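Chemist: According to TrEMBL:
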| type | residues | note |
| --- | --- | --- |
| TRANSMEM | B:6-24 | transmembrane segment |
| TRANSMEM | B:67-89 | transmembrane segment |
| TRANSMEM | B:109-129 | transmembrane segment |
| TRANSMEM | B:154-172 | transmembrane segment |
| TRANSMEM | B:214-232 | transmembrane segment |
| DOMAIN | B:300-331 | domain '4Fe-4S ferredoxin-type' |
Amino acid sequence: MSQNIVVPTMAEMMSRGETPEVLFWVGCSGSFDDRAKKITKAFVKLLNKANVSFAVLGTEEGCTGDPAKRAGNEFAFQMQAMMNIQVLDGYEVKKIVTACPHCFNTLKNEYPDLGGKYEVVHHTEFLKSLLDQGKLSIEGGQFKGKRITFHDPCYLGRANKVYEAPRQLIEKLDAELVEMKRSRANGFCCGAGGAQLFKEPEHGDKEVHVERTEEALGTQPEIIAAGCPFCNTMLTDGVKFKEKESEVKVMDVAELIANAEDL
Amino acid sequence: MQYLGQVLFLLLLVAGFGFFIKNIKKLIRNIKLGRDIDRSDNPKARMRNMIRVALGQSKMGKRPIPAILHIFVYVGFIIINIEMLEIIIDGLFGTHRVFSFLGVGYDFLIGFFEVLAFLVIFGVVVFWIRRNVIKLKRLNQPEMEGWAKRDANNIIYIETILMCFFLIMNAADGYLQSIGHGHYFQAGSFPISGLISPLFEGMNPDTVALIERFCWWGHIIGVMLFMNYLYYSKHLHIFLAFPNTYYANLKPQGEFNNLESVKKEVALMMDPNADPFAAPAEPVGEPEKFGAQDVMDLNWVQLMNAYSCTECGRCTSSCPQNTTGKKLSPRKIMMSTRDRLEDVSKILDANAGQFVDDGKTLLNDYITPEELWACNTCNACVEECPIDISPLSIIMDMRRYLVMEQSAAPVELNNMMQNIENNAAPWQYNQMDRLNWKDEN
Ligand code: SF4
Ligand code: SF4
């Protein structure tokens, strides 16, 4: 996992007079969280492999404002949104891909009303389209026959009805996709959304992420696949809590594909 | 004397519908206490949604057993009410089974109604068992104590009694027809009540006729009472499910509205040319509150939602926070909103339509911050609701009030929001380090 990755920024591209096809919105987790950075890199490797013309905003990117909005702080949210829209419009961005369903939802659904209108796709949808266009091929490799269960992120699934793309990608790995009882529209939250990731839970019998992890472990998986850096954190914590980290891995769909390709 | 029955009947109808209309007016007045929200777009899609979700019960299918039972009760109740038309004409004009001229068609209708009536009884009996004997968790959670529980059972009892009146009336009528008593001519077919008729054998025919009349009156009086009970009951959903699904949110569930009042202020802050001392363009009235502290700060769709809620608890049983033992229950959010709205309504009634501060608000006195801060905004409750209610939208509006008007967020969330404002990330990382991952190993 050490070969170089190529990550052009919008500013660099602009100075070269180039316009990328798509902007990769990395997000705060993807930029700063140690676990999520690995997902970011895995996705970049796939973009490099498929020769996608993309760029990131780098230091010009700022939080979409999602956690502030869900916590009830419209001011902080709208300030972030307006600043980001200025930057995005300055680069005449048309299409955005992101590996974070929260950024995805906010950019896709809440920015247009504030003047930021872009085509926004989740990285699983984007990878699926690369596959369909023949720009990327997936071989089962090390995941052949492995039991993988997919956890639907609320802001990808219910919030935006993207259920199939991540599943189709997992199936391409020749893995055995096993479903939890509560999946797709009935998916059960990992416990992070609504700004819960940033605070202690209220008093109760159990933590939400433990409940969800137990359900995932109930499918006897070798891998729990996620499509969201927050879900990834919560489920990883859950697996540790259940002392199963030596048997069960929590991985992003992009990491699965990148690993299968030995990238 | 001959017209006494008809006059009494007329009085009953006038009183029944009179009170009903009064309640409907109150309902509309209370819903209109809410803020305005535009849901007039896309009438076709709205109509489709209403037909699918309310009429077609499309979201009930997830749980097949209650879905089938509910269909029995729902279809039975609506169709048997066609019979009301005949009862009203008979009652007003002193006729008996005025539609019987339809002949075979009439026989079929009455027979069909009877089968439905039986299914209604079957349905509500199973509902009663699920609630009171099996004690399903979803139907017996804390917010279902007291009135909510009595209300649910009342509905079951009233429906059973109404259907029994209907069937016994037919049984008596059928028996009197078979012995050719008085004006009881041959009309209708009685597949279910025919099984009860033999019980009348050997009884004085006049007594049987009295029983028939008693049930006839009992049925119509019961219907009038039930109609007026609706306002106080979760059963209001039989009407409100329709407008409620018509005016439902059709946008992606993940899309939360951007507050207009905030938009203006942010635009001003972002505009380098704005003169901070310029007179505001709009007349200064009471500045609009950010978010919701009380029911008047919610919008009318949210208030209609509160009156429409069937208290079925599908939302709560899918809520990640409730199912792990937290206080938050989306059903309770709806019930508390309705409770508060009803209390406000009583204040309005007592003060000639003027609201007088009673020292209470929806926030704190009915819904606590602890409930609000537990929400994952996961939309499970919205997805689950059979009539497209959004408890989440109320939770969000109240959080907004807590944060923007009271700065009363939990400490960790305040830190998170401060970080976003200071360094454009929810954690304390420098924005200039955002691309460092590229070169790390
Ligand atoms: S959105 Fe909130 S209230 Fe609704 S199910 Fe999720 S956590 Fe519960
Ligand atoms: S909000 Fe909907 S799902 Fe929840 S109790 Fe009311 S009707 Fe049932």
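Count begins at 1; order follows the chain as displayed.
A Cβ is built for glycine as well, from the same backbone N, Cα and C atoms used for every other residue.
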Chemist: Could you give the residue numbers and ranges of same-chain residues that sit at least 6 residues beyond the domain '4Fe-4S ferredoxin-type' (B:300-331) on either side and whose C-beta is under 8 angstroms from one of its C-beta atoms?
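Modeler: Distant Cβ neighbours of the domain '4Fe-4S ferredoxin-type' (B:300-331) are 27, 30-37, 39, 63, 137-139, 141-144, 148, 151-152, 234, 236-237, 240-241, 243-244, 247-249, 337-338, 341, 368, 370-372, 374-376, 378, 380-387, 389-395, 397.
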Chemist: Which one of these stretches, B:6-24, B:67-89, B:109-129, has the most C-beta pairs shorter than 8 Å to the transmembrane segment (B:214-232)?
Modeler: B:6-24
Chemist: Work out, from DSSP, the number of helix, strand and coil residues along the domain '4Fe-4S ferredoxin-type' (B:300-331).
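Modeler: Final tally across the stretch: 19 helix, 0 strand, 13 coil.
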